[in-house]
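Student: I'd like to ask you about the structure that follows.
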Amino acid sequence: MPSRAEDYEVLYTIGTGSYGRCQKIRRKSDGKILVWKELDYGSMTEAEKQMLVSEVNLLRELKHPNIVRYYDRIIDRTNTTLYIVMEYCEGGDLASVITKGTKERQYLDEEFVLRVMTQLTLALKECHRRSDGGHTVLHRDLKPANVFLDGKQNVKLGDFGLARILNHDTSFAKTFVGTPYYMSPEQMNRMSYNEKSDIWSLGCLLYELCALMPPFTAFSQKELAGKIREGKFRRIPYRYSDELNEIITRMLNLKDYHRPSVEEILENPLIADLVADEQRRNLERRGRQLGEPEKSQDSSPVLSELKLKEIQLQERERALKAREERLEQKEQELCVRERLAEDKLARAENLLKNYSLLKERKFLSLASNPELLNLPSSVIKKKVHFSGESKENIMRSENSESQLTSKSKCKDLKKRLHAAQLRAQALSDIEKNYQLKSRQILGMR
């Protein structure tokens, strides 16, 4: 039987946002403390409503220790309100942690930042490489306000897909306010959102945990877009290690294919021990959920170690597959670049050929009319033809008659023509050498 709003008791309102209200509730059947978010779907089209319901159903399938658990959805058709029932995180969100550190002028410990990095990356890995073989889920709105902490300070990633659901031409989309500090360069350039866009947002979040401010700040969205496209930011405070700064810098690479994947982040030596501990704990949780007694786990550490190694092998296989896909993508890009280089070379050869033909025609015209070599340039350029005996026609006829009757000048013209032919041959050799060098340069690229 589907749940109803009457099955829950509202305790108090935690906060409000572009989506509506977030309230702390108690389930009447067992007293479990949860939260729900109210979404007013009254102004949505039927297609958007269907997408909203299917998206929430998909989110219910995400089950991971570092992902906020989605329990149920309740549709109140009378008030055109959708309630999304989720896990309650009593530790608040990372935005409040950053605000507290800013007010107290106190940086967060690197150990805490590394734990956040580890657990968030494991959460993203579950979304990008679904363990149950389901469709890839992209978060699309990873920021401190959407990352929560439980009572033991474990990280819980929440609010999946809600930004994408609401960012349509609906009343909710129009109520969006604020500056998108974590928006990736792909989004700024109106390109498709991908897994590496989540990695960019993760890098921005980790940067803000260290510096207590985003890597890119501005007073307007236009100015911010320019700074993000430029991709320049300060180093995190020097109290943090170079290794942490290096991995955050890699996450904030402008080229998405240069950013590390979730597998590459988890394999980083900086958090390798933390990753192993988290995976061991997750394995123990799965065992308890399957009804395995804790004593049998304690009595057979070899079995649990084998299971852990099996999981690690599966993860490495997935990482290898992802790397193969990236290599194929790079090969395709290289093929495109090679075609462009061949086109450029063909155009260059065509230009050289046309230039050579033009030059040959010029020399042939000079050879057929050797008297043009000794004429002033002003006379050659002027092609004035008037009817009757004008000054120009009289000058040209007198000069040509005097040159044709002079044998000594004719010999001189032949010598000059021979010298011009030699120069043409030398120029042709230089052009061939230049053509060879240009091909070598294009081959190096």
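Glycine is no exception: its Cβ is also placed from the backbone N, Cα and C atoms.
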Student: Do you know which of S131, S400, S406 is annotated phosphoserine by Swiss-Prot?
Tutor: S406
Student: Which of the listed positions, S29, S390, does Swiss-Prot note as phosphoserine?
Tutor: S390
Student: Out of 183-242, 303-362, which range is noted as coiled coil by Swiss-Prot?
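Tutor: It is 303-362 that Swiss-Prot annotates as coiled coil.
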Student: Select, from S299, S397, the one residue given the annotation phosphoserine by Swiss-Prot.
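Tutor: Swiss-Prot annotates phosphoserine at S397; the rest carry no such entry.
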Student: Within 10 Å of its Cβ, which one of these recorded positions (T16, S184, S241, S356) has the largest number of other Cβ atoms?
Tutor: S184
Student: If you count, for each of the binding-site residues I14, C22, the other Cβ atoms lying within 10 Å of its Cβ, which residue has the minimum?
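Tutor: Least crowded of the binding-site residues I14, C22, by Cβ count within 10 Å, is I14.
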Student: In the same chain, who gets a Cβ under 8 Å from the region 'Leucine-zipper' (306-334) while lying at least 6 residues past its ends?
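Tutor: Residues 125, 129, 257, 261, 263-264, 266-267, 276, 279-280, 283 contact the region 'Leucine-zipper' (306-334) from elsewhere in the chain.
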Student: Give me the Cα-Cα distance between S356 (phosphoserine) and I14 (ATP binding site), rounded to a whole Å.
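Tutor: The separation of the Cα atoms works out to 79 Å.
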Student: May I ask for the distance between S241 (phosphoserine) and C22 (ATP binding site), taken between their Cα atoms and rounded to an integer number of Å?
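Tutor: That separation, Cα to Cα, works out to 38 Å.
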